[in-house]
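S.K.: Have a look at this one before I ask anything.
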Amino acid sequence: MSLINIHNASLSFSNLQILEKSTFHINKNERVCLIGKNGAGKSTLLKIINKKQDLDEGQIIYKKNTTTAYLEQNNPKNLNISIYDFIALGLKEHEKNKKKHTNEIVKIEKIIELIKLNKNTLLSHLSGGLLRKVALGRVLVREPDILLLDEPTNHLDMKTIKWLETFLKKFSGSILFVSHDRNFIQNVSTRIIDLDRGKLVSWPGDYENFIKLKNESYRIEKIQKQLFDKNLEKEEQWIRKGIKARSTRNEGRVKKLKILQKEQKDYKKIEKINNIEINQSKNYLGKIIFKLDNIDFLVNNKIIIKNFSSIIQHGDKLALIGDNGCGKSTLIKIIIGENKPQKGKIYIGKGLKISYFDQNRSFLNPNKSIIENIDYGKEKILLNSREQHIIRYLKNFLFKPNQLKSLVKTLSGGECNRLLLAQLFLKPSNVLILDEPTNDLDLDTLQLLEKIIIAYKGTVIIVSHDKTFIKNTAKKCWFFEKNGFINTHFSQYDSLKKEKNNFHKEKIQKNKSKINLAIKIKNNFKKELNAILYEIETIELDIKTLQKKVNEPDFFKKTLEEKLPTLKMLAQKERKLGKKILFWEKLEKNIINTKI
């Protein structure tokens, strides 16, 4: 039996249909990714499963004694509490009587050890990424059968995302998570459920396979809709000509027409953002946009940036990459003049028009409407010297005319980011600065944003932890190391292996007195590296074969005894792969640190 079964579920808010006679299930040991457009109802579905939202119709059946734990999309707001006490609140017994039983203390200490943070630290002292990690700890302490995670990678840096991927793969229960991080989905999910226009559709396989199948289904749907429209038009022409004789055949045709007209009325068209322009300014002078000479920046005597020099040229597509709190947003503020360095000089090019996407959404007024947040609510806007009605412009960002007077504070995270992009793209610019633009955006909007950045003729500076987004947009990377050092890499971000290799490349110092010995040691490491890479490739092939079996449509219909050997073997191979990768990383580090 499945852990959870949802049957014929329907739910609507005002005119928005969230679920329409939808059915799906979650089996034991599944890691299911819930995908859908912004505002489709993904977070609502998690709340339904967590018993925080009722259905209008249908039923949800839980296997006896099944427990759930829910990680919300937003970080905690009450920050005047220690990490220990916050995680302890995840235990229902602790919430009821506040008694710290030995068993509870062991559970809490175990989670704190897992997230590797000081239990006495107040939440108010943590970054957004660390708050996310602590919120996850509060969920995990309950040891649920099903983890419900809403955008778990938001605010997390690459290192923490990798930690989360590893943890979730080892998690003994089932997971239903919402995410738009394509690399994370590809690495973690065993199945994908798509919430599309009120319907829940289960897709076998991984994310890349899902995209192929989804695009094909859209193509087929469009063809079917064209044939439907032609048939409807034909029947309506027939009825307009008048019915000459009352006959059973004619009555049947009239009934058929009414059915077709109802289907036409009920049809929900595919909504995609596909017609967005950006207001590009051409009034720039010279090739150099920003020049940084020997920049030092400290906060409370802590070195954030040390002796950094570089040049940003016109047309650069630059990504800033590093852990949370390493100074990426600080450097952006130095570049645009909001922060002054303690040492060094900054040259800013002439004629620059900068559009800045702020991850905190500080440019949106939450107490004003959608339309009031765009060009002061003017009826007509100017886009690349062409006048356009504000309603038409916002329609391109999937905002319907009847919702334009809605206050910004009522919007979802993804809708806020779409509005911020609408605001940003209207402002004439030749420099785009995007600080965490991918948070909460659905996959269609992400892919369109990538196309806009690629086609943009000006300069783009990106801060993001989304590997796929960086790989698809950036042509140049700055890697933030410890102690304020920044390494520049003048080519595309490709993979984590390449990142790690290039991240440390400039550290290698040549030592002529020990060169022969160093070369010999390095060659030995390389031989070991080649051997371990072969083992990794072999294990990955085994995992791929096993995953194909697991992703077969009938696999989860088998009995537990039939499924268990395959699932156990897959888990063993994944654990083995993890160990081999750790050994590979150690060898790479040895090679990098061997000075020649």
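Heads up, the Cβ atoms here are built off N, Cα and C, so glycines get one too.
Okay, so Swiss-Prot annotates it like this:
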type	residues	note
DOMAIN	1-222	domain 'ABC transporter 1'
BINDING	G36, K37, N38, G39, A40, G41, K42, S43	ATP 1 binding site
DOMAIN	290-516	domain 'ABC transporter 2'
BINDING	G322, D323, N324, G325, C326, G327, K328, S329	ATP 2 binding site
REGION	519-596	region 'C-terminal domain (CTD), binds DNA'
S.K.: Just going by other Cβ atoms within 10 Å, which of the binding-site residues G39, G322, G325, G327 has the emptiest spot?
M.R.: G325
S.K.: Can you give me the same-chain residues 6 or more apart in sequence from N38 (ATP 1 binding site) with a CB-CB distance under 8 Å?
M.R.: L398, S412, G413, G414, E415, N417, R418, D440, L441, D442, T445
S.K.: Using G39 (ATP 1 binding site) as the reference point, find which of the binding-site residues C326, G327, K328 has the shortest Cα-to-Cα distance to it.
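M.R.: Spatially nearest to G39 (ATP 1 binding site) by Cα position is K328.
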S.K.: Do me a favour and check the Cα-Cα span between G325 (ATP 2 binding site) and G36 (ATP 1 binding site); whole Å is fine.
M.R.: 31
S.K.: Output, ordered by sequence, the same-chain residues six or more apart from K42 (ATP 1 binding site) with a CB under 8 Å from its CB, or 'none'.
M.R.: L34, I35, G36, D150, V178, L195
S.K.: Cβ atoms within 10 Å, counted per site: which of K37, K328 has the most, among these binding-site residues?
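M.R.: Ranked by Cβ atoms within 10 Å, first place goes to K328.
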S.K.: Out of S43, S329, which of these binding-site residues shows the lowest number of other CB atoms within 10 Å of its CB?
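M.R.: With the binding-site residues S43, S329, fewest surrounding Cβ atoms within 10 Å: S329.
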S.K.: In whole Å, how far does the CA atom of G327 (ATP 2 binding site) lie from that of S43 (ATP 1 binding site)?
M.R.: 32
S.K.: What is the set of residues, excluding G322, D323, N324, G325, C326, G327, K328, S329, whose C-beta falls within 8 angstroms of the centroid of the C-beta atoms at the ATP 2 site?
M.R.: D157, T330, F480
S.K.: Tell me, how many other CB atoms lie within 10 A of the CB of G41 (ATP 1 binding site), whichever protein chain they belong to?
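M.R.: The answer is 25.
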S.K.: At the Cα level, what's the spacing in Å between S43 (ATP 1 binding site) and D323 (ATP 2 binding site), rounded?
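M.R.: The separation of the Cα atoms works out to 28 Å.
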S.K.: Any idea what DSSP makes of G36 (ATP 1 binding site), helix, strand or coil?
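M.R.: Reduced to three states, the DSSP call for G36 (ATP 1 binding site) is strand.
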S.K.: Whole-number answer please: how many Å between the C-alpha atoms of C326 (ATP 2 binding site) and K37 (ATP 1 binding site)?
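M.R.: Distance (Cα to Cα, whole Å): 32 Å.
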S.K.: I want to verify one value. Collapsing DSSP to three states, which class is G322 (ATP 2 binding site)?
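M.R.: It is coil.
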S.K.: If you draw a 10 Å sphere around the Cβ of D323 (ATP 2 binding site), how many other Cβ atoms fall inside it, taking every protein chain shown into account?
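M.R.: There are 18 such Cβ atoms around D323 (ATP 2 binding site).
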S.K.: For the recorded ATP 1 site, enumerate neighbouring residues of the same chain (Cβ within 8 Å of the Cβ centroid of G36, K37, N38, G39, A40, G41, K42, S43, site residues themselves excluded), in sequence order.
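M.R.: Leaving out the recorded residues gives T44, L195, S412, G414, D442.
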